[in-house]
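**Student:** Below is one structure. I have some questions about it.
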Amino acid sequence: MFKINSKIQHKKIWFDSMVGMTIGFFATLIIGTIIGLFGKIPGAEFMISIKKVLSYSVGIGIGVGVGVKCGLNPLQIFAVGFAAMIASISMLVPHYNGGTEKIMTSGAKIGFFTDGHLRLGIPGDVFGAWLVSVLLVYLFKIFEFKTYFDIFLVPIIGIFIGILSAFSIIFLTTGVVSVAELGVDKLAKSSRTLEVLLAPIIGLIMGLALSLPTSSAAIAIMIRLHGAPASAAMAATAAQMISFGVLTWMANKKVGKTIAVGFGTSMLHMKNYMRSPRVLIIPTICSMVAAMCATGLTLEFPVGKIGVPTSGMGTSALYGPIFTLFENGWSNYLAWLHIIVMQLAIPTILTIALWYLFRRFNWITKEELQLEYV
């Protein structure tokens, strides 16, 4: 049986694919990074090995997440996972060389990660894995077929698309990411004045990316956020979550719901801000202010002292504060100042003040922030 389906819901595919990408990303790389933190404890070094395996598996995690969320059948889901995995671990130029501060374009060749990359725990191409997954979802949605050989044919299609993407799509995505890496590196080494001026933009982008069906952590890892931009991103994402947590308390007066949002995920409010976008205004203001204040500190986030730079996690599972201390040292008073003031105090105080201001002018209501199933 074979037929071509012309009725494709494009918005649903793209929306669901972003949610699926976030789920797969968190289930592999982010969970792995959190586990890796405990590997610093004497006697628990084996957790670092677990973290490396999960980091290496980010491609298949994204593929499976996208496939499941987009409603594919089991064989198709695994095919998408295979394709995303193959594409994510392919190695191509251009790539950004931090040592020379240049985008390298010479000596282009196709290759794939080796056991050396696995030992280092280097994650694959998140952006490329997502795009390849969307491509295969479209392929399976448009061309519907069923044969006696599906158990062989469908996985082979996935593997073929993955290899084909390694020669094409990944070349483009690595180019885009390399340009972004170059920009971040230049900003990290720029003057403090420029960093402070651009910090609100970083706060705006990372704060919204945290709450929308995208992944601020994926963005931070893809473009290797470090230095002052990473400090701004960490403050912004933490402020976004704490602000939503405070708003949850003001509207619901439930400790469980407040903790679930403030230290779990602000995406629990997605239905609310999709219905009423102004719900995002207060947390976004907090993100921008916290980001700008954070760059005022002479606190630098190195490039992945604990493995990969994940300054887009916010306060999810307390990762933001713990990451800040691991990257900058537990005895560094600036790290504690960053956590107490930028990540916690500023968004809390600012959210309470803006809540009463917005309520006075009827710009926000308690009904817009109700959580029913938490």
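Every residue, even glycine, has its Cβ placed from backbone N, Cα and C.
The domain 'Phosphotransferase system EIIC' annotation in TrEMBL covers 17-370. TrEMBL lists 20-41, 75-97, 118-140, 152-184, 196-223, 229-250, 279-299, 333-358 with the feature transmembrane segment.
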**Student:** If you count Cβ pairs under 8 Å, which stretch among 196-223, 229-250, 333-358 touches the transmembrane segment (20-41) the most?
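**Tutor:** Result: 196-223.
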**Student:** Give, as a single whole number between 0 and 100, the mean pLDDT over the domain 'Phosphotransferase system EIIC' (17-370).
**Tutor:** 82
